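Residues or ranges marked as domain 'Transcription regulator PadR N-terminal' in TrEMBL: A:7-79. According to TrEMBL, the domain 'Transcription regulator PadR C-terminal' annotation covers A:92-178.
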Number of protein chains: 2
Amino acid sequence: MALDHAILVSLLEQPGSGYELARRFERSIGYFWTATHQQIYRVLKRMESDGLLDVREVPQEGRPDKKEYSVAGPGRAALSLWLHEPIEPESLRHDLAVKIRGAAFDDPAALVREVERHRQVHGERLAHYLAGELRDFTGPEAPVPLDAGQELQHVVLRGGIAYERMTVAWLDDVLATLGRLGRGGPRT
Amino acid sequence: MALDHAILVSLLEQPGSGYELARRFERSIGYFWTATHQQIYRVLKRMESDGLLDVREVPQEGRPDKKEYSVAGPGRAALSLWLHEPIEPESLRHDLAVKIRGAAFDDPAALVREVERHRQVHGERLAHYLAGELRDFTGPEAPVPLDAGQELQHVVLRGGIAYERMTVAWLDDVLATLGRLGRGGPRT
DNA sequence: GAGCGCATGTAAGCGGTTACATGATTTG
DNA sequence: CAAATCATGTAACCGCTTACATGCGCTC
(Lines of atoms letter the chains of each structure in order from A and count residues from 1; the text may use other names and numbers.)
(Lines give C-alpha, C1' and ligand atoms only; values in the text may rest on other atoms or scores of the structure.)
Protein backbone atom coordinates (compact mmCIF):
# COMPACT_ATOMS: atom_id res chain seq x y z
CA MET A 1 0.00 0.00 0.00
CA ALA A 2 2.60 2.54 -1.02
CA LEU A 3 0.16 4.70 -2.95
CA ASP A 4 -0.84 6.28 0.33
CA HIS A 5 2.75 7.13 1.06
CA ALA A 6 3.45 8.35 -2.44
CA ILE A 7 0.52 10.74 -2.02
CA LEU A 8 1.81 11.91 1.36
CA VAL A 9 5.23 12.65 -0.12
CA SER A 10 3.74 14.45 -3.09
CA LEU A 11 1.48 16.57 -0.88
CA LEU A 12 4.37 17.43 1.43
CA GLU A 13 6.36 18.60 -1.57
CA GLN A 14 3.34 20.64 -2.65
CA PRO A 15 -0.32 20.62 -1.52
CA GLY A 16 -2.85 20.16 -4.29
CA SER A 17 -6.11 18.70 -5.53
CA GLY A 18 -6.81 15.16 -6.66
CA TYR A 19 -6.67 16.30 -10.23
CA GLU A 20 -3.29 17.93 -9.76
CA LEU A 21 -1.99 14.81 -8.05
CA ALA A 22 -3.16 12.71 -10.96
CA ARG A 23 -1.16 14.95 -13.29
CA ARG A 24 1.91 14.67 -11.10
CA PHE A 25 1.56 10.93 -11.25
CA GLU A 26 1.87 11.25 -15.00
CA ARG A 27 5.06 13.25 -14.58
CA SER A 28 7.58 13.43 -11.80
CA ILE A 29 6.17 10.97 -9.28
CA GLY A 30 5.20 8.81 -12.23
CA TYR A 31 8.88 8.07 -12.81
CA PHE A 32 8.50 5.34 -10.25
CA TRP A 33 4.84 5.07 -9.34
CA THR A 34 1.70 5.22 -11.44
CA ALA A 35 -1.87 5.90 -10.39
CA THR A 36 -5.07 6.95 -12.09
CA HIS A 37 -7.40 9.66 -10.88
CA GLN A 38 -10.11 7.19 -9.84
CA GLN A 39 -7.69 5.55 -7.48
CA ILE A 40 -6.34 8.83 -6.18
CA TYR A 41 -9.77 10.29 -5.38
CA ARG A 42 -10.75 7.23 -3.40
CA VAL A 43 -7.54 7.16 -1.43
CA LEU A 44 -7.69 10.89 -0.74
CA LYS A 45 -11.19 10.52 0.65
CA ARG A 46 -10.16 7.63 2.85
CA MET A 47 -7.05 9.36 4.12
CA GLU A 48 -8.98 12.52 4.84
CA SER A 49 -11.62 10.67 6.85
CA ASP A 50 -8.79 8.95 8.72
CA GLY A 51 -7.42 12.34 9.70
CA LEU A 52 -4.18 12.00 7.73
CA LEU A 53 -5.01 14.89 5.42
CA ASP A 54 -6.61 18.32 5.69
CA VAL A 55 -8.94 19.60 2.98
CA ARG A 56 -9.62 23.16 1.96
CA GLU A 57 -12.35 24.08 -0.52
CA VAL A 58 -10.85 26.46 -3.05
CA PRO A 59 -13.41 28.40 -5.13
CA GLN A 60 -12.11 29.21 -8.58
CA GLU A 61 -13.32 31.44 -11.39
CA GLY A 62 -13.67 30.10 -14.90
CA ARG A 63 -12.87 26.65 -13.55
CA PRO A 64 -14.63 24.17 -11.30
CA ASP A 65 -13.90 24.59 -7.62
CA LYS A 66 -11.30 22.25 -6.25
CA LYS A 67 -10.39 20.63 -2.97
CA GLU A 68 -6.87 21.34 -1.92
CA TYR A 69 -5.39 18.61 0.21
CA SER A 70 -2.45 18.98 2.56
CA VAL A 71 -0.77 16.65 5.02
CA ALA A 72 -2.01 16.80 8.61
CA GLY A 73 0.04 15.91 11.68
CA PRO A 74 -1.04 12.28 11.83
CA GLY A 75 -0.26 11.96 8.12
CA ARG A 76 3.28 13.10 8.69
CA ALA A 77 3.59 10.68 11.58
CA ALA A 78 2.29 7.82 9.43
CA LEU A 79 4.83 8.63 6.73
CA SER A 80 7.65 8.77 9.24
CA LEU A 81 6.61 5.41 10.63
CA TRP A 82 6.63 3.85 7.16
CA LEU A 83 10.00 5.37 6.33
CA HIS A 84 11.51 3.50 9.25
CA GLU A 85 9.99 0.16 8.25
CA PRO A 86 11.97 -2.16 5.99
CA ILE A 87 10.36 -2.99 2.63
CA GLU A 88 10.88 -5.88 0.28
CA PRO A 89 13.23 -5.31 -2.65
CA GLU A 90 11.01 -5.41 -5.71
CA SER A 91 11.03 -7.83 -8.54
CA LEU A 92 10.42 -7.16 -12.16
CA ARG A 93 7.14 -7.96 -13.83
CA HIS A 94 7.75 -7.60 -17.48
CA ASP A 95 5.11 -8.85 -19.92
CA LEU A 96 7.41 -8.30 -22.86
CA ALA A 97 9.90 -10.81 -21.50
CA VAL A 98 7.12 -13.42 -21.35
CA LYS A 99 6.36 -12.67 -24.97
CA ILE A 100 9.98 -13.01 -25.99
CA ARG A 101 10.31 -16.43 -24.43
CA GLY A 102 6.93 -17.35 -25.88
CA ALA A 103 8.13 -16.40 -29.35
CA ALA A 104 10.10 -19.66 -29.41
CA PHE A 105 6.75 -21.42 -29.87
CA ASP A 106 5.43 -19.06 -32.50
CA ASP A 107 7.01 -16.78 -35.08
CA PRO A 108 9.94 -14.81 -33.61
CA ALA A 109 9.97 -12.43 -36.56
CA ALA A 110 6.40 -11.34 -35.74
CA LEU A 111 7.69 -9.86 -32.51
CA VAL A 112 10.04 -7.38 -34.15
CA ARG A 113 7.47 -4.66 -34.66
CA GLU A 114 6.24 -4.94 -31.07
CA VAL A 115 9.74 -4.69 -29.65
CA GLU A 116 10.48 -1.71 -31.89
CA ARG A 117 7.38 0.03 -30.55
CA HIS A 118 8.49 -0.50 -26.97
CA ARG A 119 11.96 0.69 -27.83
CA GLN A 120 10.54 3.91 -29.18
CA VAL A 121 8.35 4.55 -26.14
CA HIS A 122 11.26 4.02 -23.79
CA GLY A 123 13.46 6.22 -25.96
CA GLU A 124 10.89 8.99 -25.68
CA ARG A 125 10.65 8.59 -21.92
CA LEU A 126 14.42 8.80 -21.69
CA ALA A 127 14.45 12.03 -23.71
CA HIS A 128 11.68 13.40 -21.52
CA TYR A 129 13.52 12.61 -18.31
CA LEU A 130 16.76 14.08 -19.63
CA ALA A 131 14.94 17.29 -20.55
CA GLY A 132 13.48 17.42 -17.04
CA GLU A 133 16.90 16.89 -15.50
CA LEU A 134 18.37 19.73 -17.53
CA ARG A 135 15.48 22.00 -16.63
CA ASP A 136 15.37 21.31 -12.91
CA PHE A 137 18.78 20.15 -11.83
CA THR A 138 21.71 20.53 -14.21
CA GLY A 139 20.80 23.38 -16.56
CA PRO A 140 21.55 27.12 -16.21
CA GLU A 141 18.04 27.74 -14.85
CA ALA A 142 18.49 25.26 -12.02
CA PRO A 143 19.01 26.48 -8.47
CA VAL A 144 22.59 26.35 -7.11
CA PRO A 145 23.14 24.80 -4.70
CA LEU A 146 20.29 22.29 -4.56
CA ASP A 147 18.71 21.73 -1.19
CA ALA A 148 18.33 18.27 0.34
CA GLY A 149 14.86 17.70 -1.13
CA GLN A 150 16.06 18.59 -4.61
CA GLU A 151 19.13 16.39 -4.29
CA LEU A 152 16.86 13.48 -3.40
CA GLN A 153 14.47 14.24 -6.25
CA HIS A 154 17.46 14.37 -8.56
CA VAL A 155 18.86 11.02 -7.50
CA VAL A 156 15.43 9.42 -8.02
CA LEU A 157 15.26 10.98 -11.47
CA ARG A 158 18.72 9.61 -12.22
CA GLY A 159 17.26 6.23 -11.36
CA GLY A 160 14.52 6.70 -13.92
CA ILE A 161 17.09 7.78 -16.50
CA ALA A 162 19.29 4.78 -15.78
CA TYR A 163 16.28 2.47 -16.08
CA GLU A 164 15.18 3.84 -19.44
CA ARG A 165 18.72 3.86 -20.78
CA MET A 166 19.19 0.24 -19.71
CA THR A 167 15.85 -0.74 -21.21
CA VAL A 168 16.58 0.89 -24.56
CA ALA A 169 19.93 -0.88 -24.74
CA TRP A 170 18.34 -4.20 -23.85
CA LEU A 171 15.60 -3.81 -26.45
CA ASP A 172 18.33 -3.17 -29.04
CA ASP A 173 19.92 -6.40 -27.87
CA VAL A 174 16.57 -8.17 -28.27
CA LEU A 175 16.16 -6.79 -31.79
CA ALA A 176 19.65 -7.91 -32.75
CA THR A 177 18.91 -11.38 -31.38
CA LEU A 178 15.62 -11.63 -33.25
CA GLY A 179 17.40 -10.48 -36.38
CA ARG A 180 20.03 -13.19 -36.03
CA LEU A 181 17.32 -15.84 -35.54
CA GLY A 182 15.43 -14.51 -38.57
CA ARG A 183 18.48 -14.89 -40.77
CA GLY A 184 18.79 -18.49 -39.69
CA GLY A 185 21.44 -18.26 -37.04
CA PRO A 186 25.05 -17.14 -36.95
CA ARG A 187 26.59 -19.62 -39.41
CA THR A 188 28.03 -16.94 -41.73
CA MET B 1 -3.47 -11.14 -17.11
CA ALA B 2 -0.05 -12.28 -18.18
CA LEU B 3 0.26 -14.94 -15.49
CA ASP B 4 -1.80 -17.22 -17.70
CA HIS B 5 0.58 -16.66 -20.56
CA ALA B 6 3.66 -17.02 -18.41
CA ILE B 7 2.32 -20.39 -17.31
CA LEU B 8 1.64 -21.40 -20.91
CA VAL B 9 5.20 -20.51 -21.92
CA SER B 10 6.68 -22.31 -18.95
CA LEU B 11 4.62 -25.45 -19.62
CA LEU B 12 5.56 -25.39 -23.29
CA GLU B 13 9.21 -25.24 -22.31
CA GLN B 14 8.60 -28.14 -19.94
CA PRO B 15 5.37 -29.73 -18.64
CA GLY B 16 5.10 -29.96 -14.86
CA SER B 17 3.02 -29.75 -11.72
CA GLY B 18 1.81 -26.68 -9.88
CA TYR B 19 4.51 -27.17 -7.32
CA GLU B 20 7.22 -27.35 -9.97
CA LEU B 21 5.84 -24.24 -11.65
CA ALA B 22 5.96 -22.39 -8.35
CA ARG B 23 9.63 -23.30 -8.08
CA ARG B 24 10.32 -22.12 -11.61
CA PHE B 25 8.68 -18.84 -10.74
CA GLU B 26 11.30 -18.47 -8.04
CA ARG B 27 14.03 -19.05 -10.60
CA SER B 28 14.15 -18.58 -14.33
CA ILE B 29 10.67 -17.31 -15.09
CA GLY B 30 10.90 -15.32 -11.87
CA TYR B 31 13.54 -13.12 -13.50
CA PHE B 32 10.65 -11.15 -14.91
CA TRP B 33 7.48 -12.49 -13.38
CA THR B 34 6.63 -13.57 -9.86
CA ALA B 35 3.81 -15.76 -8.61
CA THR B 36 3.03 -17.75 -5.49
CA HIS B 37 1.79 -21.30 -5.43
CA GLN B 38 -1.70 -20.32 -4.24
CA GLN B 39 -2.11 -18.19 -7.31
CA ILE B 40 -0.67 -20.81 -9.61
CA TYR B 41 -2.94 -23.61 -8.38
CA ARG B 42 -6.02 -21.49 -8.90
CA VAL B 43 -5.02 -20.42 -12.38
CA LEU B 44 -4.05 -23.97 -13.36
CA LYS B 45 -7.45 -25.22 -12.29
CA ARG B 46 -9.22 -22.50 -14.23
CA MET B 47 -7.16 -23.01 -17.34
CA GLU B 48 -7.67 -26.74 -17.20
CA SER B 49 -11.45 -26.39 -16.91
CA ASP B 50 -11.31 -23.95 -19.84
CA GLY B 51 -9.60 -26.62 -21.91
CA LEU B 52 -6.31 -24.77 -22.29
CA LEU B 53 -4.36 -27.40 -20.40
CA ASP B 54 -4.26 -31.18 -20.14
CA VAL B 55 -3.71 -32.88 -16.79
CA ARG B 56 -2.15 -36.23 -16.12
CA GLU B 57 -2.18 -37.82 -12.66
CA VAL B 58 1.32 -39.05 -11.90
CA PRO B 59 1.59 -41.53 -9.00
CA GLN B 60 4.89 -41.27 -7.17
CA GLU B 61 6.63 -43.36 -4.55
CA GLY B 62 7.94 -41.79 -1.40
CA ARG B 63 6.30 -38.54 -2.46
CA PRO B 64 2.74 -37.30 -2.82
CA ASP B 65 1.22 -37.89 -6.22
CA LYS B 66 1.28 -34.95 -8.52
CA LYS B 67 -0.71 -33.58 -11.41
CA GLU B 68 1.38 -32.95 -14.46
CA TYR B 69 0.02 -30.20 -16.64
CA SER B 70 0.78 -29.68 -20.29
CA VAL B 71 -0.48 -27.26 -22.90
CA ALA B 72 -3.46 -28.39 -24.98
CA GLY B 73 -4.23 -27.19 -28.50
CA PRO B 74 -6.51 -24.35 -27.45
CA GLY B 75 -3.87 -23.22 -24.96
CA ARG B 76 -1.31 -22.95 -27.70
CA ALA B 77 -3.79 -21.02 -29.81
CA ALA B 78 -4.53 -18.66 -26.92
CA LEU B 79 -0.82 -17.98 -26.48
CA SER B 80 -0.34 -17.36 -30.16
CA LEU B 81 -3.24 -14.91 -30.14
CA TRP B 82 -1.74 -13.02 -27.21
CA LEU B 83 1.68 -12.92 -28.83
CA HIS B 84 0.21 -11.05 -31.76
CA GLU B 85 -1.55 -8.48 -29.58
CA PRO B 86 0.25 -5.27 -28.70
CA ILE B 87 0.85 -4.68 -24.98
CA GLU B 88 1.51 -1.51 -23.03
CA PRO B 89 5.14 -0.67 -22.25
CA GLU B 90 5.43 -1.02 -18.50
CA SER B 91 6.19 1.60 -15.96
CA LEU B 92 8.21 1.23 -12.84
CA ARG B 93 6.65 0.88 -9.45
CA HIS B 94 9.42 1.32 -6.99
CA ASP B 95 8.59 1.75 -3.32
CA LEU B 96 12.16 2.58 -2.48
CA ALA B 97 12.06 5.66 -4.69
CA VAL B 98 9.02 6.91 -2.77
CA LYS B 99 10.98 6.43 0.42
CA ILE B 100 13.96 8.33 -0.92
CA ARG B 101 11.89 11.33 -1.85
CA GLY B 102 10.07 11.04 1.46
CA ALA B 103 13.36 11.15 3.31
CA ALA B 104 13.46 14.88 2.65
CA PHE B 105 10.74 15.21 5.28
CA ASP B 106 12.36 12.92 7.77
CA ASP B 107 15.91 11.85 8.51
CA PRO B 108 17.83 11.02 5.30
CA ALA B 109 20.58 9.29 7.27
CA ALA B 110 18.06 6.78 8.65
CA LEU B 111 17.60 5.48 5.12
CA VAL B 112 21.18 4.41 4.63
CA ARG B 113 20.80 0.99 6.18
CA GLU B 114 17.66 0.24 4.18
CA VAL B 115 19.32 1.22 0.91
CA GLU B 116 22.35 -0.87 1.77
CA ARG B 117 20.11 -3.86 2.37
CA HIS B 118 18.48 -3.46 -1.04
CA ARG B 119 21.88 -3.03 -2.63
CA GLN B 120 22.99 -6.32 -1.18
CA VAL B 121 19.88 -8.20 -2.33
CA HIS B 122 20.24 -6.90 -5.86
CA GLY B 123 23.95 -7.70 -5.81
CA GLU B 124 23.11 -11.27 -4.87
CA ARG B 125 20.52 -11.55 -7.60
CA LEU B 126 23.04 -10.27 -10.09
CA ALA B 127 25.58 -12.89 -9.01
CA HIS B 128 22.90 -15.56 -9.23
CA TYR B 129 21.90 -14.55 -12.75
CA LEU B 130 25.52 -14.41 -13.87
CA ALA B 131 26.11 -17.90 -12.52
CA GLY B 132 23.04 -19.11 -14.41
CA GLU B 133 24.25 -17.48 -17.59
CA LEU B 134 27.61 -19.18 -17.31
CA ARG B 135 25.99 -22.53 -16.57
CA ASP B 136 23.37 -22.47 -19.32
CA PHE B 137 24.63 -20.22 -22.08
CA THR B 138 28.21 -19.05 -22.05
CA GLY B 139 30.16 -21.66 -20.09
CA PRO B 140 31.95 -24.79 -21.34
CA GLU B 141 28.97 -26.95 -20.34
CA ALA B 142 26.56 -24.94 -22.47
CA PRO B 143 25.27 -26.36 -25.76
CA VAL B 144 26.84 -25.01 -28.94
CA PRO B 145 25.16 -23.72 -30.95
CA LEU B 146 22.10 -22.60 -28.99
CA ASP B 147 18.74 -23.22 -30.57
CA ALA B 148 16.17 -20.44 -31.04
CA GLY B 149 14.45 -21.11 -27.71
CA GLN B 150 17.75 -20.95 -25.84
CA GLU B 151 18.79 -17.77 -27.64
CA LEU B 152 15.53 -16.17 -26.55
CA GLN B 153 15.92 -17.39 -22.98
CA HIS B 154 19.42 -15.98 -22.99
CA VAL B 155 18.40 -12.55 -24.19
CA VAL B 156 15.72 -12.39 -21.49
CA LEU B 157 18.31 -13.38 -18.90
CA ARG B 158 20.61 -10.64 -20.22
CA GLY B 159 17.73 -8.27 -19.53
CA GLY B 160 17.58 -9.43 -15.93
CA ILE B 161 21.34 -9.02 -15.62
CA ALA B 162 21.23 -5.54 -17.10
CA TYR B 163 18.43 -4.61 -14.71
CA GLU B 164 20.25 -5.79 -11.61
CA ARG B 165 23.52 -4.22 -12.70
CA MET B 166 21.76 -0.91 -13.32
CA THR B 167 19.97 -1.13 -9.98
CA VAL B 168 23.15 -1.84 -8.03
CA ALA B 169 24.87 1.12 -9.67
CA TRP B 170 21.91 3.36 -8.93
CA LEU B 171 21.76 2.31 -5.29
CA ASP B 172 25.46 3.17 -5.01
CA ASP B 173 24.57 6.56 -6.43
CA VAL B 174 21.80 6.90 -3.83
CA LEU B 175 24.19 5.98 -1.03
CA ALA B 176 26.74 8.52 -2.23
CA THR B 177 24.02 11.17 -2.36
CA LEU B 178 22.80 10.35 1.12
CA GLY B 179 26.39 10.49 2.33
CA ARG B 180 26.88 13.94 0.86
CA LEU B 181 23.67 15.19 2.49
CA GLY B 182 24.72 13.69 5.82
CA ARG B 183 27.99 15.59 5.75
CA GLY B 184 26.07 18.83 5.25
CA GLY B 185 26.30 19.30 1.52
CA PRO B 186 29.10 19.60 -1.01
CA ARG B 187 30.81 22.74 0.34
CA THR B 188 34.24 21.15 0.38
C1' DG C 1 -20.33 22.52 -32.88
C1' DA C 2 -16.52 19.46 -31.69
C1' DG C 3 -12.88 18.70 -28.88
C1' DC C 4 -9.84 19.52 -25.13
C1' DG C 5 -8.56 20.83 -20.30
C1' DC C 6 -10.22 21.21 -15.62
C1' DA C 7 -12.46 18.86 -11.85
C1' DT C 8 -14.77 15.08 -9.25
C1' DG C 9 -16.75 11.11 -8.70
C1' DT C 10 -19.42 5.71 -8.78
C1' DA C 11 -19.48 0.71 -9.76
C1' DA C 12 -17.95 -3.73 -11.18
C1' DG C 13 -14.66 -7.05 -11.40
C1' DC C 14 -10.40 -9.41 -11.00
C1' DG C 15 -5.69 -10.29 -10.09
C1' DG C 16 -2.75 -10.81 -6.33
C1' DT C 17 -1.40 -11.11 -1.37
C1' DT C 18 -1.81 -13.15 3.13
C1' DA C 19 -3.29 -16.41 6.24
C1' DC C 20 -4.81 -20.90 7.19
C1' DA C 21 -4.97 -26.07 6.49
C1' DT C 22 -3.33 -30.94 5.57
C1' DG C 23 -0.21 -34.80 5.31
C1' DA C 24 3.69 -37.78 3.97
C1' DT C 25 8.76 -38.35 3.70
C1' DT C 26 13.50 -37.13 4.24
C1' DT C 27 17.25 -34.86 6.73
C1' DG C 28 19.83 -33.05 10.77
C1' DC D 1 12.24 -35.12 17.59
C1' DA D 2 12.16 -30.98 14.96
C1' DA D 3 12.63 -28.95 10.61
C1' DA D 4 12.67 -28.90 5.78
C1' DT D 5 10.91 -30.58 1.25
C1' DC D 6 7.27 -32.25 -1.64
C1' DA D 7 2.51 -31.55 -2.85
C1' DT D 8 -2.15 -29.41 -3.08
C1' DG D 9 -5.48 -26.70 -1.78
C1' DT D 10 -9.46 -22.93 0.62
C1' DA D 11 -10.90 -18.28 2.22
C1' DA D 12 -10.78 -13.45 2.91
C1' DC D 13 -9.38 -9.22 1.66
C1' DC D 14 -7.85 -5.36 -0.96
C1' DG D 15 -5.56 -2.64 -4.28
C1' DC D 16 -5.91 -1.56 -8.87
C1' DT D 17 -7.95 -1.37 -13.56
C1' DT D 18 -11.70 -0.41 -16.63
C1' DA D 19 -15.82 1.54 -17.79
C1' DC D 20 -19.24 4.84 -17.02
C1' DA D 21 -20.96 9.52 -15.61
C1' DT D 22 -21.32 14.69 -15.08
C1' DG D 23 -20.57 19.50 -16.09
C1' DC D 24 -18.26 24.00 -17.06
C1' DG D 25 -15.30 27.02 -20.01
C1' DC D 26 -12.18 27.85 -23.63
C1' DT D 27 -10.36 27.24 -28.30
C1' DC D 28 -10.34 25.85 -33.23
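Backbone N, Cα and C atoms are what each Cβ position is placed from, and that goes for glycine too.
The residues of the domain 'Transcription regulator PadR C-terminal' (A:92-178), classed with DSSP into helix (H, G, I), strand (E, B) and coil, number 73 helix, 0 strand, 14 coil. Averaged over the domain 'Transcription regulator PadR N-terminal' (A:7-79), the predicted model has a pLDDT of 92.
Per-class residue totals from DSSP over the domain 'Transcription regulator PadR N-terminal' (A:7-79), listed helix then strand then coil: 37 helix, 13 strand, 23 coil.
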